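Let me begin by handing over the structure; questions about it come next.
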């Protein structure tokens, strides 16, 4: 691939954004500053008008260590990277590009500078540009990414410690002359090819010790002799896996790392001197150079002029890089053969992980053991003739990289065995339970769980023994086995809880059915104010006073029966006493919810008003013996009405609150339910409705929980009931008045005189006499049974219905004939009718009023 240097002239002739696809060259390889190009690029990227709202990051490190690759992955830039077919300088000079990663978590307007790598063979011993470019990056950037390999940590020249020392010295000389201002920067050490064998904290400690020694060794201006490196620099660290050997892991970690390039705040609780470093946003306000974006080009050019004119700086040549370079090449060569064997397994494992279907890979253990042995022997035969220290270090690095990947495969294999084993265990237990339920025979849940758990553990150990690589630090899988057994126990407990939940649900449905019937019967009995219908046949106290006592007793007995059922069945689950206590506690709470829902259903305003009216009519329309009353003018209708109404009105306050007649207080619901068991979890409580007087956080007292009808509803209910009762009373009065007849006395004499012949004819004729006798006996029996009233009402109803039907048929006849239609037309507007009014024939009562009005009263 072409190097960045090959594109150096693009910005000189093009002005569109595509001309800067690979960024803009700020300083070329000849140390010349490209001010016009930089200014134009910032304008095209819309950075110039952003004021202080921009950030600058630089990266430096040894050549061919993947700095450009790192920036491209972090910021989506297109810096040219080194070809895998050759090793030579890629980035020439200093290049800049704007962040192309559009993640919302990153700061806006991030500018990234790719600095030419140090220790390149192209420049050889001439390291002046390396020094000056590093100083320029430090002088202009908020964050300086130091790109080093893990194996370079602890080295002096390999880790560019000499260059950092020079940076510290010149930084004090050039930028700290203003004693009133402290310029701070962040040195972000990105440790490449991080294997994880050495903890990152240890690498941090080593690097910070090196930083402290470097700072102590530099000459400081007057007044700064006692200064500390932490006075001017902050430090952060991050380890990245090998891009070639762990590409997916590398991409994943770079994505995580990119999220840290956002605005942050200093944590006052962290002390860098104690090895405490931030892992939050890297852009702190004190890092910013406070140079407006539109003046950055001129500022950067001035800084470069100061640096390029300082001719006293130089860096020594690093002596051991050859051995390190060759060992790296050999390591990569042996890893190629290693990859040929291992990568297919890694691909299968990663693909299965992405699909969420972990797979146990056959033959993995043998392939792992063989590939590791071959890689170590091949490296030993080729690299052992080089520098012993480098060889030993690189061999350890090879083993670390190989073991890291093999350990990942091993753990992935165990993870697959873990997940598949858990899934199979759960399915096997569920299938066994369903089989027992279908057969209709009892099954021992605890025995099923123990048997399936033993099978699952045996299978897991078999997979682990076949995959493990002896002699490695991770060959002991006892911890994974313990975790597996622990999760099996957790799944067993969850399955047991689920089974107990299903048992509880069945018991709750049984309670709901029983309470629905029993409580429904008690409420239905309210419709009768006489003996019978659920009321006691004997006793002076009305049955309504004991209403809530009966409801509570039925409720308690039903729940006790349900608890016995639940406890007996739970014993086969091997459930602990704590789990049974939680189940019984939930059952009581759920049962109260069922009872309260049933009460609320029965106490709906319409239902309650209907029951009150039925209760009133039962007391008003029937006598104490249960015989319907036939109202006569001489009856004390007002007295009976008043007693029946007042008796029914006493039900409203009685039903408004759930109170026991024995104690004149609400039932002891809080004591009956009991306290929340200590073993209850949030999952046990999340589906439970709060109960007043039981749950403190509910904010309701027990008295409020037992209030069925509010005071406002009681008043409204009383008014509506009285209106309905008044309608019944008016109907009774009309019935009594309608039965009155006033026959004049002279009518009887006239009847006797005019009908004497007919009377004699009837008495002399046996047939007529017998018929008269039968009619007289029937009339007497009807009178004794108080049936004349119903017969008269039925006759009136039949006659009224006949009249209504006759009117209907007459109207239909008139509408179907020509003469009738003409007569109807005359009554319409424009005809000879009275002003076009239309009158509908209505059925009238005995007082000449519309019968519909009486029906409206009856409906109340």
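Just so you know, glycine gets a Cβ as well, placed from its N, Cα and C.
A quick note: this is a predicted structure, and the numbers were derived from the prediction, not measured.
The feature topological domain 'Cytoplasmic' is assigned by Swiss-Prot to 1-742, 788-860, with sequence analysis given as support. Look at Swiss-Prot and you will find 51-300 tagged as domain 'GB1/RHD3-type G'. Per Swiss-Prot, GTP binding site is recorded for 61, 62, 63, 64, 65, 66, 67, 68, and the stated evidence type is sequence analysis. If you look up Swiss-Prot, you'll see 443-501 marked as coiled coil. Per Swiss-Prot, transmembrane segment is recorded for 743-763, 767-787. Per Swiss-Prot, region 'Disordered' is recorded for 818-860.
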Neighbour count, 10 Å Cβ-Cβ cut-off, for residue 64 (GTP binding site): what number do you get?
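Around residue 64 (GTP binding site), other Cβ atoms within 10 Å: 20.
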Report, as numbers and ranges, every residue of the chain located at least six residues beyond the transmembrane segment (767-787) whose Cβ falls under 8 Å of a Cβ in that stretch; write 'none' if there are none.
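Same-chain contacts beyond the flanks: 627-628, 630, 761.
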Around the GTP site recorded as 61, 62, 63, 64, 65, 66, 67, 68, what other same-chain residues have a C-beta within 8 angstroms of the site's C-beta center?
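These residues sit around the GTP site: 117, 147.
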If you draw a 10 Å sphere around the Cβ of residue 61 (GTP binding site), how many other Cβ atoms fall inside it, taking every protein chain shown into account?
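Excluding its own Cβ, the number within 10 Å is 26.
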Counting other Cβ atoms within 10 Å, pick out the least crowded of the binding-site residues 62, 63, 68.
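Among the binding-site residues 62, 63, 68, the sparsest Cβ neighbourhood within 10 Å belongs to 63.
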Mind giving me a neighbour count for residue 65 (GTP binding site)? Other Cβ atoms within 10 Å of its Cβ, every protein chain shown.
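Taking all protein chains shown, residue 65 (GTP binding site) has 21 Cβ neighbours within 10 Å.
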Quick one: average pLDDT across the topological domain 'Cytoplasmic' (788-860), no decimals.
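A mean pLDDT of 61 is what the predicted model shows over the topological domain 'Cytoplasmic' (788-860).
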For residue 64 (GTP binding site), what is the secondary structure state per DSSP, taken as helix, strand or coil?
coil
Count the Cβ atoms, other than its own, that fall within 10 Å of the Cβ of residue 67 (GTP binding site), considering every protein chain shown.
28
Using Cβ atoms only, which residues of the same chain lie under 8 Å from residue 66 (GTP binding site) while being at least 6 residues apart in sequence?
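Same-chain residues close to residue 66 (GTP binding site) (Cβ under 8 Å, separated by 6 or more) are 81, 147, 192, 243.
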